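These features come from TrEMBL:
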| type | residues | note |
| --- | --- | --- |
| TRANSMEM | 16-38 | transmembrane segment |
| DOMAIN | 45-111 | domain 'PASTA' |
| COMPBIAS | 274-290 | compositional bias 'Basic and acidic residues' |
| REGION | 274-324 | region 'Disordered' |
| COMPBIAS | 305-316 | compositional bias 'Low complexity' |
Amino acid sequence: MEKLAYYWKRLRKNRLAYNLVLIGAIILAMAVAAHIVMQVGTRHGARRTVPDFSGVKLDQAQRMARKYDLKLHINDSLFVPAYEGGIVLDQLPEGGVEVKPGRTVYITINSFRQKMVPVPYVAGRSLRQAKNMLEIAGLEIDELVYRADMATNYVLDEYCDGRPVAATSKIEAELGSGVTLYVGVEGGYGTTVVPRLVGFPLKEAKGRLWELGLNVGKVDFDEGINLLNQKDARVYIQHPTAERSAGLGSRVDLRLTLDEKKLAQYRAIAEKQAKEAAEERLQSEREHADSLAQAEFERAAAGSAEEQPADEPAAAGNDEGFFD
């Protein structure tokens, strides 16, 4: 103790050393205080298990969240007729996950009724423009019907629930519902090529079909896919397969899965089928072009043969007159 007092006196006499030690002590004290505050403020080490809110009404879910020292935030809402309005459909993080106290859990609830949106007037627009306008409004295409018209792939008429949509119409439809578009097609332009859809979610697959003038046919889902996880499913089977020629307005059937292994397997098969179909289509187009060229040549040859006999007598008559 005496030695400690002795060194302390000597340190007090050395102003530079004393100041350095004092500054170091202050910094150390501040670091310790900050660490303690951080531990208390963030409740370091404390964990909470997120309860499963699925199927629970919103007010009950909020009480559960307070009990577990968690916060709820409504991130989205859907309308699923099979479920009661106001119940939780989905959540993130999922139930059973350990998180820190005070963590926000984002939930999707079921609406009491589907939202109504105004139907945009798309007649006179190109098919792609019409599709984009409908998607922005929260609608989709129910069916494409082609009519003979010089304005190929331009919308001629638009119908919603059987009612014609005009520029002055004030028609509303349920969010996510579809409209029927009557589209023009000129003679000789009535075919398109089926796109590759394997690996795409349903929404993107539909968009690719509509842009190319094709309709969505039967849509099937693997077992275990429901309205909540449907957005994560991917197309793994399509019929007709990609790169096949199809008439405008034809339907393409789709099947979707959540199984990544199955998706990888069918993607390889689809790529092989698409390559073979593209080669067959190009060969068919070449043969068709050759047949048209041959027919044109034969018509030209036949026309020359018909003209030749008519010229010869005239020439003979001229010769006789010349030598007379």
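Each Cβ is built from the backbone N, Cα and C atoms, and glycine gets one as well.
The DSSP breakdown of the domain 'PASTA' (45-111) into helical (H, G, I), extended (E, B) and coil residues amounts to 10 helix, 26 strand, 31 coil.
Within the model, the domain 'PASTA' (45-111) carries an average pLDDT of 89. With DSSP classes pooled into helix, strand and coil, the tally for the compositional bias 'Basic and acidic residues' (274-290) is 17 helix, 0 strand, 0 coil.
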